[in-house]
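Lifted from Swiss-Prot, the feature list:
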type	residues	note
BINDING	13, 14, 15, 16, 17, 18	FAD binding site
BINDING	273-287	NAD(+) binding site
């Protein structure tokens, strides 16, 4: 049965990748269909009730700078906000919010339902329609066929999903949801490499059975951070505390005693789990010398008693879960509301993707989220936005776009995946970026919003606010550079007590702000140096740009040098056997990874500078040297 309308872009899946993909495509004017197995779970936070963190918060800010929904929804749902690494430099500071699951889901659904050009339809997808190497539509569970020249798959953990609790297992996409078995079988027929990964979640605890007085309270920040560049602290709901407790030797003995019934340690689970979010049984086994592990006791919302004990993800049998929970301080009488579990699922080798997230073998088919081997809401949302945007660009006959590694963490994420692939769930860290001094949370809008506007992702309201902020920053920087103070000036009497050494020569206000002991609020508080900018985010940007200008210029020089050949394209039909001087090892690596640019090739493990030089000489001789857009 054929659906009565044709669409430009179809998005399959309504998680964090799917919602951002659908919204991006629709914002750009493409007639978009979002297909989900359950409209009520659109925007569902399947695992931990939190958004942001180190590296992840940077991605959220980038999604926001490109007009995405994640940060906006977090501001309306965040019940505790903290700035991590606040005592360190701005490059590694990160915003993290504890979120009310229901409020977050409702806000995402509200944004989806009010988005022009977007249709939502509830049906699971069982089949892709591919003709002559190009996707032309999908077929749902009930046999309903939808046509579109571009399809974005964001299936999360649903592809061949299998849930494990102890030695028992059953098919599922997540607890309470069916898996996508037919679609998984169909995708395995495609010429794309497939593997299995694993992730897990902890048991949920009833707050009424926890003694919080035995734990350490962890409050949010004051003043409260805001996640979105267009957000307001007044959007935040009621704020609550989290708590901290620890496992102990008794907990570890209980876990060790249950390992013979662990699906991980009995060989039942084949998939590889996330290195940076291991299960508690994995932590106890791998770090046998540690006598305790920290657990964050996180509320799941304002109107629920469910607690998420972050740090004890497990797939041990229920009786072992209950005993280990009750061995922890403050949880001696705890009751489990939902058992923890592990889930195995299919993922596809991201090296088979272009950096637009379109598959290399099937035109018009895009993958985003956990299907590409990543873990985390933020990584999924960022990929979803990029895939939805590029699907829309393709339908409009325009060239694909992906930020470079020096432009965005999103660029780092996609380049890592499409060049190197992954054999374990990939998560973002600031350490993955070579140019993190330039890729800060605070300047994500300065880096990306103008490009987002050009692409059609950024609406008039966001653009007006951004333009106003940019004007404020530029005007204030010009003022600081143009105002001078002389050692004999009347201003010096009020200024010198704030300086480590009195000024002995004429200096601009910018020179004074650059001093280590001075900051923008302090300088503006001194008579004659104000007025200060009212917009605190613009004021922060002024301070950072002045304080770090030397380091930023140095890093920009490094980028300019590296970028000279970064975007030099490698022809897709280039036969590396015909390139004189390449070793068999390099030829094998190039054929395996199929890099699109010299930059991607240079990051393949084992690739030598000599091999890159040989490639460049070959391209030049053949007249094939050209850059990507």
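Note that Cβ sites are derived from N, Cα and C of the backbone, with glycine treated the same way.
Computed from a predicted structure; not experimentally measured.
In terms of C-alpha distance, the listed binding-site residues 273, 279, 283, 285 place 273 closest to residue 16 (FAD binding site).
Summary for the binding-site residues 275, 283: the Cβ-based neighbour count within 10 Å is maximal at 283. Counting neighbouring Cβ atoms within 10 Å of each of the binding-site residues (17, 277), the lowest count belongs to 277. Each residue contributes its Cα atom, and for residue 273 (NAD(+) binding site) and residue 17 (FAD binding site) these two points are 20 Å apart. Among the binding-site residues 277, 283, 287, the residue whose Cα lies closest in space to that of residue 18 (FAD binding site) is 277. Counted within 10 Å of its Cβ, the other Cβ atoms near residue 14 (FAD binding site) come to 28, all protein chains included. Within 8 Å of the centroid defined by the CB atoms of 13, 14, 15, 16, 17, 18, the record's FAD site, lie the Cβ atoms of 11, 19, 20, 21, 36, 154, 156, 368, 369, 380, 384, excluding the listed residues themselves. Long-range Cβ proximity for residue 287 (NAD(+) binding site), meaning a same-chain Cβ under 8 A and a gap of 6 or more residues, is found for 293. Applying an 8 A CB threshold to same-chain residues 6+ apart, the list for residue 279 (NAD(+) binding site) reads 200, 264, 273, 313, 314, 315, 342.
Residue 285 (NAD(+) binding site) has a Cβ environment of 17 other Cβ atoms inside 10 Å. Per Cα geometry, 277 is the residue among the binding-site residues 275, 277, 281, 285 nearest to residue 15 (FAD binding site). Residue 275 (NAD(+) binding site) falls outside any helix or strand according to DSSP and counts as coil. Within the same chain, residues at least six positions away from residue 281 (NAD(+) binding site) with a Cβ under 8 Å of its Cβ are 255, 258, 259, 262, 264, 265, 314, 315, 316. In space, 277 is the closest of the binding-site residues 275, 277, 283 to residue 14 (FAD binding site), judged by Cα positions. Among the binding-site residues 15, 18, 273, the residue whose Cβ has the fewest other Cβ atoms within 10 Å is 273.
All protein chains shown were included, and the count of other CB atoms within 10 Å of the CB of residue 13 (FAD binding site) stands at 33. The local packing around residue 16 (FAD binding site), expressed as other Cβ atoms within 10 Å of its Cβ over all shown chains, amounts to 34.
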